[in-house]
Amino acid sequence: MTRARMYYDEDADLSVLDNKTIAIVGYGSQGHAHALNLKDSGIDVIVGLYEGSRSWARAENEGLAVYPTAEAAAKADLVMILLPDEVQREIYNRDIAPHLGTGKTLAFAHGFNIHFSQIVPSQEVDVLMVAPKGPGHLVRRVFTEGKGVPCLFAVEQDASGRARATAMAYARAIGGTRAGILETTFREEAETDLFGEQTVLCGGLTALIKAGFETLVEAGYQPELAYFECLHEVKLIVDLIVEGGLAKMRDSISNTAEFGDYTRGPRIVDERTKAEMKKILAEIQNGEFAKQWVLDSQANYASFKAMRRREAEHPIEEVGADLRKMMSWLRP
């Protein structure tokens, strides 16, 4: 197993961004964090939004110049697209691509649209990625505390010969090199990100939670207890894992729980599960998932909306809504 090399402040030259204007397209979770961190690092940063965006006034109130996306792209040397995957292609083709040319840089925080050829930039522009491994509010908060969130960075296209230095400088400007950044590729980031979401973090975890809840309720146990044991306490365990790995979690739980972990866990996630994971990974690698998602978005998200409605009606949601009213620490 080959370990990744980490890069820090001393490895990234912030002066690469001197006299450059960076346009942040989008002002959501990541957009506001990138823009404000860049601004605080002394970078000339502007924001590109559609006219009428609810974020327009917010960005201006936070001291940023805001322009319609096409105008921002025309003014910028580097355009960072921080929009949902499914809308990037349309906005890129309409508002950004006409203003890209020799010497300009196109940047992303996720490899999806480049790797799966939803966006195909001209050969004369640099294409890079800087992807913080944390939500925008965390990227912003720890930056203001003098720290940073680890980032991935990658170069897909290096027309200028300076794309890698630009990516590292950008990562430093948003605080990434304070914690450490590691180099990857658009392919590796896109495929591992989708795999993690589908098999573990989102798809795998929610399916496991629901199956556990349903098993207890079908066996006659009270749904409230099933909720506590199969959903509510997930956070307690995950927090321990994030803080110190699986070892800290196991050191913090009872011996009974740890013994059950070792003897029963592998019966739930076994070789059949791993075989299915490999199939899902193959569907990501060969573009099948990307094609399915793009086609559904083009059909006004018909399947996606139906699945969302169905999941919202699962009994665990009603039980959870009632129980969370009892938890004062969850209320603002």
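All residue numbers here begin at 1 and follow the chain in the order shown.
Quick reminder: no glycine exception, Cβ is built from N, Cα and C everywhere.
If you look up Swiss-Prot, you'll see 4-184 marked as domain 'KARI N-terminal Rossmann', on the strength of sequence analysis.
According to Swiss-Prot, the NADP(+) binding site annotation covers Tyr27, Gly28, Ser29, Gln30, Ser53, Ser55, Asp85, Glu86, Val87, Gln88, Gly136, on the basis of sequence analysis. A helical conformation is recorded for Ser29 (NADP(+) binding site) in the three-state DSSP classification.
Around His110 (active site), the same-chain residues six or more apart in sequence whose CB sits under 8 Å from its CB are Asp85, Met129, Ala131, Glu189, Ala190, Asp193, listed in sequence order. Summarising the annotation, Swiss-Prot assigns active site to His110 and lists sequence analysis as the type of evidence.
Sequence annotations record features per position, and here Swiss-Prot assigns domain 'KARI C-terminal knotted' to 185-330 based on sequence analysis.
Swiss-Prot lists Asp193, Glu197 with the feature Mg(2+) 1 binding site. Secondary structure at Glu197 (Mg(2+) 1 binding site), as computed by DSSP, is helix.
A 10 Å cutoff on Cβ-Cβ distances gives Glu229 (Mg(2+) 2 binding site) a total of 14 other Cβ atoms nearby, all chains included. Here Swiss-Prot flags Asp193, Glu229, Glu233 as Mg(2+) 2 binding site, drawing on sequence analysis.
Mapped onto three states, the DSSP output places Ser254 (substrate binding site) in coil. The substrate binding site annotation in Swiss-Prot covers Ser254 and rests on sequence analysis.
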Val87 (NADP(+) binding site) and Glu197 (Mg(2+) 1 binding site), Cα-Cα, nearest whole angstrom: 19
Fewest other Cβ within 10 angstroms of its own Cβ, chosen from the binding-site residues Asp193, Glu197: Glu197
Sparsest-packed of the listed binding-site residues (Asp85, Glu233) - C-beta count within 10 angstroms: Glu233
Candidate with sparsest Cβ neighbourhood (10 Å radius) among Ser29, Ser53, Ser254, the listed binding-site residues: Ser254
NADP(+) binding residues Tyr27, Gly28, Ser29, Gln30, Ser53, Ser55, Asp85, Glu86, Val87, Gln88, Gly136: largest Cα-Cα distance, in Å and rounded to whole number: 19
Sparsest Cβ surroundings (other CB atoms within 10 Å) among the binding-site residues Tyr27, Val87, Gly136: Val87
For Val87 (NADP(+) binding site): DSSP state (helix, strand, coil): helix
